[in-house]
Amino acid sequence: MKLEDIKVIGVVGAGVMGHGIAQVAARTGYDVVMVDVSEEVLKKAMELIESGPFGLRRLVEKGKMSEDEAKAVMARIRTSTSLEALKDADFIIEAVTEKADLKKKIFAELDRICKPETIIASNTSAIMISDLATAVERKDKFIGMHWFNPAPVMRLIEVIRGALTSDETFNITVELSKKMGKIPIEAGDGPGFFTTRFINSWLVEAVRLFEIGIAGIKEIDEMCKLAFGFPMGPFELMDLIGLDTALHIAEYLYNETKEPHYAAPNTLKKLVLSGYVGRKPGSRGGWYDYYGIER
Ligand code: NAD
């Protein structure tokens with residue numbers, strides 16, 4: 001397969017990442033089929049693509065896109081609650097919940113449904129690609145394509161080969177990423193690849209330094225921004241991505257590597273167990289809320 005052979009892109013999972021990926025693919029000119037478990041989730045995803053904080057309306061308002069173009073992008077996205085709708089997709093990007101069993105079940109079904117030449121890419125943040133690839137026969141056409149949030153804005157795509165990913169699949173994924181306006185960089189296949197493993201070390205270290213009283217939460221965030229030019233401190237970042245997600249990643253990396261510096265700090269566990277999972281619906285709040293710190 002060549003890049004020119006890709007006409008239809010499938011996206012499985014229409015959540016935070018999936019809807020953004022679908023938007024980028026459709027904006028590049030691809031026909032997109034976006035699949036999720038319910039019509040309600042898909043409706044919400046389409047609304048976000050149209051008028052969310054990183055959606056098409058914002059681009060029209062900023063003069064970066066015409067009304068007609070925005071309509072054409074929306075018209076290129078079809079939605080479905082059935083994986084069967086992906087039978088004609090040439091390249092599929094999976095962005096469902098970060099659970100290995102769930103992802104493997106979906107990959108096995110896609111392997112059956114899709115054309116033999118279709119490439120299947122996973123947007124997993126941490127699960128080894130060679131592990132996820134055990135679910136499919138087409139291991140040469142299986143790859144990691146790790147996007148960043150928000151997908152329409154962030155430029156990096158971390159591309160990860162499984163042990164049996166072919167050069168052809170790797171090259172097409174790199175070319176496709178570039179065509180979609182992104183900057184692909186290869187990372188090796190290990191738990192968390194580069195970005196997730198690195199960010200986890202940084203986040204848990206910040207919590208440990210807070211726990212032993214080196215500095216307060218707000219002070220650590222401020223120091224990271226002022227000293228290193230980071231756009232956001234580690235506690236602000238955890239509040240944004242979810243303390244539950246940060247905990248899940250730390251536990252996964254620790255379980256897989258048994259390296260103590262990846263282990264989840266006690267305070268992080270305590271907050272998550274108490275319903276403080278960050279600034280998202282249904283949560284009691286994040287670090288700043290639990291400790292009553294003004295933002
Ligand atoms: P999310 O919870 O916002 O979305 C996941 C979606 O998957 C939900 O809409 C859910 O309904 C759907 N889903 C669950 N089971 C399904 C099934 N059987 N068929 C179809 N859809 C199904 O999660 P997210 O933040 O978008 O994360 C998705 C993936 O992207 C995860 O692997 C995550 O690790 C990765 N990721 C997330 C971020 C981030 O910042 N949120 C960044 C990079 C990568």
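Each residue, glycine too, has its Cβ placed from N, Cα and C.
TrEMBL annotations: computationally assigned, not manually curated.
Remember, predicted model here, so these are calculated numbers, not experimental data.
Annotated features, as they stand in TrEMBL:
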{"type": "BINDING", "residues": "G13, A14, G15, V16, M17, G18, D36, E98, K103, S125, N149, K280", "note": "NAD(+) binding site"}
{"type": "DOMAIN", "residues": "9-189", "note": "domain '3-hydroxyacyl-CoA dehydrogenase NAD binding'"}
{"type": "DOMAIN", "residues": "192-289", "note": "domain '3-hydroxyacyl-CoA dehydrogenase C-terminal'"}
{"type": "SITE", "residues": "H146", "note": "site 'Important for catalytic activity'"}
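Where TrEMBL records a feature, it is marked here on the structure.
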{"residue": "G13", "record": "NAD(+) binding site", "Cβ neighbours (10 Å)": "25"}
{"residue": "G15", "record": "NAD(+) binding site", "Cβ neighbours (10 Å)": "15"}
{"residue": "M17", "record": "NAD(+) binding site", "Cβ neighbours (10 Å)": "22"}
{"residue": "D36", "record": "NAD(+) binding site", "Cβ neighbours (10 Å)": "23"}
{"residue": "K103", "record": "NAD(+) binding site", "Cβ neighbours (10 Å)": "23"}
{"residue": "H146", "record": "site 'Important for catalytic activity'", "Cβ neighbours (10 Å)": "25"}
{"residue": "N149", "record": "NAD(+) binding site", "Cβ neighbours (10 Å)": "14"}
- Between G15 (NAD(+) binding site) and H146 (site 'Important for catalytic activity'), find the distance joining the two CA atoms and give it rounded to the nearest Å. 15
